[in-house]
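Worksheet: the structure to be examined is printed underneath.
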Amino acid sequence: MRVVIISQPPSTPFHLFPLLRQAHASYLSSPTCRVRYRFSSRRWLNLHSTPLRLDSFNSRCSITNTDVFNQVVNEEEIQEDFSAASSNCAVPIVHLKSDILESESLNILAEGTYVGSLLTTLPVLSEEQQNVLAATPAHPAGLYAFYASCVAGNLVEQVYNFAWPAAMAMLHPSLLPVAVMGFFSKLAVIVGGPLVGKLMDHFPRVPAYNCLTIIQAAAQLLSVGMIIHAHTVHPTFVSPVILRPWFVVLVLAGAVERLSGLALGVAMERDWVVLLAGISRPIALAQANAILNRIDLLCEIAGASLFGILLSKYDPVTCLKLAAGLMIWALPVVVVLTCLTNKLSTGVLDRTKCPQTCCRSSTEGSLSDADNIVEMSVDAIKQGWVEYVQQPVLPASLSYVLLYFNVVLAPGGLMTAFLTQCGLNPSIIGGFSGLCASMGIAATFLSASLVRRFGILKAGAVGLIFQASLLTLAVAVYLSGPLSQQTPLLFFLCLIVLSRLGHMSYDVVGAQILQTGIPASKANLIGATEASVASLAESVMLGVAIVANDVSHFGFLAMLSLLSVVGAAWLFCWWLVNPTDEQRRLFSFDPHF
């Protein structure tokens, strides 16, 4: 019987010892391999292992970092060593003699080569298996419950977004109420967005999400109640509505609703879906993002069409009461589905959002800043602006922001109020909003074809140029004569619907451009700041609409919206034809660039 002892070099990391021992055992078991050490004289293995290390093994004892000495020791020292080691290790100590070890030698592989050979022999997944794994969500059951929660929440939100401007347009013959309410909603997002996002990072996900859902539902119900009150108590009036108490409450409730809705959207798109789909599974994450986008657009189609049909058959008060009933019904459904999502995903949403040290320091910082929330909000805004201006794809982001100046030639509160005051049937108005949303769904498929054919950067330019061209025709139709007849009005609306195809195509492609150019460590901060800048752009145009609130000034507002879209297309194309070295490096993978 031969016993071979392999001594591990001290420089080898400790966590590789089990792997090396197992691999070497299989290596020695092969009949063609014989590993020996050559000893020039009689040598003994000096065992000085600590009992703590030996006691940590259950069935066998491994001795590492042993040294072989050439010095001669007496038999008593050897026996003492043997007795000490035997008391802590069940493995028998073998007395090696030089006659057992033959004089042949074999060079042991170097440490780096040895470890590398072990890693290359480990079984790995094939490319097909890796693709299947990347396309499989980490928590599919929880993800499906999350989709159901998004459907319930988004449907109510889209019904509310269409209901309040349509009902307000029936109260006042100008765009003033809708413009004022929209302005303060955007202002609340600009000021409170970074602060709400920072506070949400310090609270557990599920309780914070459910709390914001309840706040949003309460704000929606309060807004609907104020509009019903206005229709009931003051069915017709021409005095300014901005001085009435019910309108002040309506504006505040609308600002709270929009701010809570923004926080819920950021939590869903930037945090929850990543945990449920798996951050290390890119295909599953991309599919989940696409499904969320389609859910939002489908809910927009359904919400606008549903309320438009109801408004064409019933009076506004009855429609608003039905909308309020839908909000009350959907609230417990969303809360239950949210809790079910966490349960089906085995509590993945309960994980901490940062390491313990980070969370501890963040908690201490939040407690110390609790007395000065304004200062914390200002610091967050300043940091976001600095990072936003320094991003390498700033022109692409500015083009995206310029599109938000287009608040008239797009589905929204002002367009809904304008079409209502033009006497258009509410079902047609709802159909217009639904068709615009359907263009967004088509853009999710069209954008992939554009990227394959033109490349990612040129695909963005195609979308912007397409939108600017169709909106130019739409403004020309509007300025060519009054839209008192239904035929030119419908043609005007059809051009706007088709232009949404270019807008949403750039929205999809632009998001990929920003994901490529913005560092992952700053993606959330820059993304939130970009949303605030976009809200600022909308608030500026809504401020102009407050001044020019008469329907006769709609052409002026349409011209400003057109100039913003043309400016976005020009800026992006200028950036495309004048690339920087950083731009070439970031998009070197684009064969068409």
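Using the three backbone atoms N, Cα and C, a Cβ is placed for every residue, glycine included.
Note that TrEMBL annotation is computational and uncurated.
Per TrEMBL, the stretch carrying the note transmembrane segment among 269-286, 485-502 is 485-502. In TrEMBL, the annotation transmembrane segment applies to 427-447, one of the ranges 91-111, 154-174, 427-447. Contact between the transmembrane segment (175-196) and the transmembrane segment (291-310) is absent: fewer than three CB pairs lie under 8 Å, with pairs separated by 6 or more positions in sequence. Same-chain residues lying 6+ beyond the ends of the transmembrane segment (554-577) with a Cβ under 8 Å from its Cβ atoms: 175, 395-396, 398-400, 402-403, 405-410, 414, 418, 457-458, 460-461, 464-465, 467-468, 471-472, 474-475, 478-479, 537, 541, 544-545, 548, 583. By the Cβ criterion (distance under 8 Å, sequence gap of 6 or more), the transmembrane segment (523-548) is counted as touching the transmembrane segment (401-421), at least 3 such pairs being found. A contact between the transmembrane segment (208-231) and the transmembrane segment (322-341) is present, since 3 or more of their C-beta pairs, 6 or more residues apart, lie under 8 Å. Touching of the transmembrane segment (291-310) and the transmembrane segment (427-447) is concluded from the presence of at least three CB pairs under 8 A, sequence neighbours closer than 6 excluded. Under the criterion of 3 or more C-beta pairs below 8 Å, with sequence separation of 6 or more, the transmembrane segment (401-421) and the transmembrane segment (427-447) qualify as touching.
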